[in-house]
Amino acid sequence: MANVLWLQGGACSGNTMSFLNAEEPTVIELVTDFGVNILWHPSVGLEIGEQVTDLMNDLIKGKKQLDIFVFEGSIVQGPNNTGTMNYFCDRPMKDWVKELAAVAAYTVAIGDCATWGGIPAVPPNPSESTGMQFHKQKLGGFLGANYKSKGGLPVINIPGCPAHPDWITQILVAISTGRIKDVLIDEYHRPKTFFTDFVQTGCPNVNNFAQKIDGHFGKRGGCLFYEVGCRGPMTRASCNRILWNRQSSKTRVNHPCLGCTEPGFPHHDLVKGSVFKSLKYLGFLPQDVPTGEGRLKYYIRAGWEKILPTNKALKETSK
Amino acid sequence: MVKELNISPVGRVEGDLDVKVYIENGVVTRAHTQAAMFRGFEKIMQGKDPQSGLIVTPRICGICGGSHLYCASSALDTAWKTQLPPNALLLRAIGQATETIQSIPRWFYAIFATDMANKKFANKPLYQEVAKRFSAYVGTSFQTGVVASGRPVEVYALFGGQWPHSSYMIPGGVMCAPTLKDITRAHAIMNQFRNDWLEKVWLGCSIERYLQIKSWDDMMAWVEENESQRNSDLGLFIRAGLQFGLDKFGQGVGKFLAYGTYLHKDKYNRPTIEGRNEALISSSGFFDGKNYHVFDHKQVMEHVKHSWYADVPASHPWDEPMPTPLPSQNLMETKFDGKYSWAKAPRYMGYSAEAGPLARVVMNANPANKSHQIQDPLFGDIIQKLGPSVFTRVLGRMHEAPRLYEFINQWLTQIDLDAEFYIKPQEIDGQGFGATEAARGALAHWIEIEGGVIKNYQVIAPTTWNVGPNDEQGNPGPIEAALTGIEIEDPHDPVEVGIVARSFDSCLVCTVHAHNGKNGEKLKSFKL
């Protein structure tokens, strides 16, 4: 049994919508079968007005136990660090977050805005947004590099824009069933179980990547890495292993991976020429290369493949 | 004696809505809505890649992301003067429709109907049955409805990769090139949605039978036609809604605005702003309570007199200067004769207008609709006989589900697997306008591209129409108007306020989201 409070700051509610798509378990099964007790949630909570304020005050004073504090959305600090661009229950949301994070057994940041600031933190960052414990790649964020919840862990980051429902439900279940010790976290505080493999793992175009066969919008087959900015080889996430909405994934429908589970999304801060186009050096060398591969080593390896004749059988596609 | 009641948050609207109401003898005499969060998305896009809106705007709102994408791609289509193949228009319409039909059961069970199980209605004869079915989590229809709501977006994922937050609609078409497997699977998923929820739980009859209803009298006859229809969730909602008096409050301003949506596959292959109205399947328009007016986006103006931005005259989105945010206050300390919300106040021909499914079904009843457009007199009749209310608003939204189911199936059959899905456009400077109907109403984007980057990007979301504050003349927004006159039984549980706000399916993340921030520093130029 675990008491969960879920709040939203500078949020679009996308992670909540994703969470509501959950299967095995569904959100309802989470409540009825897995002992997750949702104290309040902005989209499904029954309480309104002062009832919510009272609940939060009870948690902060320890009258009620807060086992899991889930936060969705950026921490809005503007203007001038007052946080008054995001009021909640008559106070800046950031003030509630500080006090609730201090009493929570575990604190979970869901989605890119809560983990590292996300789109609201793109320059000029009009709302002075940041993440719970990271600002883009930099450790610190709102709660500071040294923050640990009462359970002894830093903020558990479940990134993604949005996060996949399985990533959310499995962490909630791990905590509520006492298996949190099985959750290892990486340098960005992401659970390794979901964020070790790359999006490219399980992508149906991986042969085309190896053979340097280009893909294009509205066409079947080909790899989207070379021309339209796919970040599958640079992005750790299980999208192509577990699929989305039980059906598909971006790269399976010819949609370049946007790299949304890595800090820094949207990458290159949306500068001219970076949206659905691969940035190039000298007009032909990809600026971003697969994670773990040095640029020069990649150019040599890829250049070799590029000059060899491609396997024609791999170019065949069918409606 | 006038009592003031501050409600922060209202809850179960997407995002944070705060409301202040003034109560005299238990009746609300005046109401103010406060949108309490600011992110400045439009400001973030200024100076960026012209296609930034395809990635950024779906993320304004996780619940209407496909609708923002529909607008963002359309705005670029008009600015870049693209060509759109029929397949692209079909796949975009399918994306929009699956997102909207997803929202129907999700909104009804998770957001709205749990309030009908509130103790306020405990003395009503149908309360037991309502509580049994609609109570949060444990209601017998709650899980069925919420789980069913995930099915249509599986179809979205077949073409867009995932829902929410795909960017598969792009100027010139769509990214995907589906195969026969995708089409077959999409039909099968929609059939399951119909079998599991739409016909079995919601209607208690076939879609074909339901769509024969053409008037309020037909609707009442349908309810009493047999046990199956009478005991369906729709049958129960109609009987309980009338018994609980949901038709007696939350009227609003009685004027409706729809931008329309679902651009016809053969009528918008050369996208222009002028050609849009004629190409719509669900028509656009403004209904002033008596007459229909042809929609013209130039009639839209935004007012900021009561919004936390420096004062500028009301203006059209293309002419709006970047607003300067001003210090905001919490609900308790806000002075409501001054500035009091992050939402602006949009007006059409100077009027406050309700956006949403009720506005759409009112436009569907416009006798001037063409043969390729929806022609459905039902809500013309219902608005005349019952007028707007919480009840008619809910009924209007739910009425769309059967028709959208039929459209999605029909559009799937029209996809030509041998034809094009995308025609690569030329990137040029210019102005664009893209619009649609999000689940909760009229949504539009205005873009201006100069020097190959975004110079201006303006979003007006449906909830901005509904939840916006007073305008320059002091006229209230639709929700403010709808709250006036309601009776609040228990100030500690002002469920009536929640019911009215939720009947509009308010989405504050959209509303607040979208306004421009402070004047940013000059952006660094891009170097390869």
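Any Cβ shown, glycine's included, is placed from N, Cα and C.
Remember, predicted model here, so these are calculated numbers, not experimental data.
Residues A:Cys223, A:Cys230 are given by TrEMBL as [4Fe-4S] cluster 2 binders; from A:Cys203, A:Cys239, that same site also lists A:Cys203.
Here the domain 'Cytochrome-c3 hydrogenase C-terminal' (A:196-268) has a mean pLDDT of 96 out of 100.
Each of the binding-site residues A:Cys113, A:Cys230 was scored by the other Cβ atoms within 10 Å of its Cβ; the lowest score goes to A:Cys230. The closest partner of A:Cys230 ([4Fe-4S] cluster 2 binding site) among the binding-site residues, by CA position, is A:Cys257; the full candidate set was A:Cys12, A:Cys113, A:Cys161, A:Cys239, A:Cys257. Using a Cβ-Cβ cut-off of under 8 Å to chain B, the binding-site residues A:Cys12, A:Cys161, A:Cys223, A:Cys257 reduce to A:Cys12, A:Cys161. DSSP assigns A:Cys239 ([3Fe-4S] cluster binding site) to a helix in the three-state reduction. Same-chain residues with CB within 8 A of the center of the A:Cys203, A:Cys223, A:Cys230 CB atoms, the [4Fe-4S] cluster 2 site residues themselves not counted, are A:Gln200, A:Asn205, A:Val206, A:Asn208, A:Phe209, A:Gly215, A:Leu224, A:Phe225, A:Gly232, A:Pro233, A:Thr251, A:Pro256, A:Cys257.
Take the mean position of the Cβ atoms of A:Cys239, A:Cys257, A:Cys260, the recorded [3Fe-4S] cluster site; other residues of that chain with a Cβ within 8 Å of it are A:Gly160, A:Val199, A:Arg231, A:Gly232, A:Thr235, A:Ala237, A:Ser249, A:Lys250, A:Thr251, A:Leu258, A:Gly259, A:Thr261. Within 10 Å of A:Cys239 ([3Fe-4S] cluster binding site), judged by CA to CA distance, lie the following binding-site residues from the set A:Cys113, A:Cys161, A:Cys203, A:Cys223: A:Cys203.
The binding-site residues shown are A:Cys12, A:Cys113, A:Cys161, A:Cys223; of these, the one with its CA atom nearest the CA of A:Cys260 ([3Fe-4S] cluster binding site) is A:Cys161.
Secondary structure at A:Cys113 ([4Fe-4S] cluster 1 binding site), taken from DSSP and collapsed to helix, strand or coil, is helix.
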